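The feature substrate binding site is assigned by TrEMBL to R68, S69, G70, N81, T85, V86, D87. For 16-147, the entry in TrEMBL reads domain 'dUTPase-like'.
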Amino acid sequence: MQHLVQIKRLPGNEDIQLPQKMSELASGFDLYAAVSEPVTLQPGERGLIPTGFSLAMPGELEAQIRPRSGLALKHGITALNSPGTVDADYRGEVKVLLINHGQEPFVISRNERIAQMVFQYVPTVRLEEVEELSETGRGAGGFGHTGK
Ligand SMILES: O=c1ccn([C@H]2C[C@H](O)[C@@H](COP(=O)(O)OP(=O)(O)OP(=O)(O)O)O2)c(=O)[nH]1
Ligand SMILES: [Mg+2]
């Protein structure tokens, strides 16, 4: 099923590529950096990178901001808050929180592909407070409880 998501270019970003799927069945739309001049992330440094657009999506969707594997593998660049959450009611500029886990400075240029955006369903959930939860075989065991 196809969902219509509105995208608005923010002023001064007419030259920025809109999010784009790089293959027919790609999960994510690649995101392009809307930095006015190149931004250098030193090893260990993080930076909030603008994309130059805002979104309006149906209420049952969210957009996740995920790293690009190639940048992670080659340069140690990832999204610090991965997956970033863009709420359906957010109308601000979508931004990408990148961190340089590599050993070299990494330069982000205007219109460079820095991350990807994957739309997901968000089920409507209502939390119900109770005194007791149903019993299960696992119970409270977790965090390695079942062995290696
Ligand atoms: O990678 C991201 C993560 C978040 N956002 C925007 C959209 C999202 O709807 C909003 C808030 O994100 P989140 O809920 O993760 O952050 P918060 O620290 O809880 O902020 P808030 O109190 O505004 O919800 O920031 C982005 O543009 N990119
Ligand atoms: Mg929040």
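From the backbone N, Cα and C atoms, a Cβ is placed for every residue, glycine too.
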Does DSSP put G70 (substrate binding site) in a helix, in a strand, or in coil?
helix
Quick one: largest C-alpha distance among R68, S69, G70, N81, T85, V86, D87, binding substrate per the record, in angstrom?
26
I'd like the number of other C-beta atoms within 10 A of the C-beta of D87 (substrate binding site), please.
13
Binding-site residues (S69, G70, V86), the one with most neighbouring Cβ atoms at 10 Å:
V86
Mean per-residue pLDDT computed across the domain 'dUTPase-like' (16-147):
98
Quick test of your reading of the structure: among the binding-site residues R68, V86, D87, whose CB sits under 6 A from ligand 1?
V86, D87
Does DSSP give V86 (substrate binding site) helix, strand or coil?
strand
Sequence gap of 6 or more, Cβ distance under 8 Å: name the residues on the same chain that satisfy this around R68 (substrate binding site), in order along the sequence.
D30, I77, R113, I114, A115, Q116
For N81 (substrate binding site), just give me the three-state DSSP call.
coil
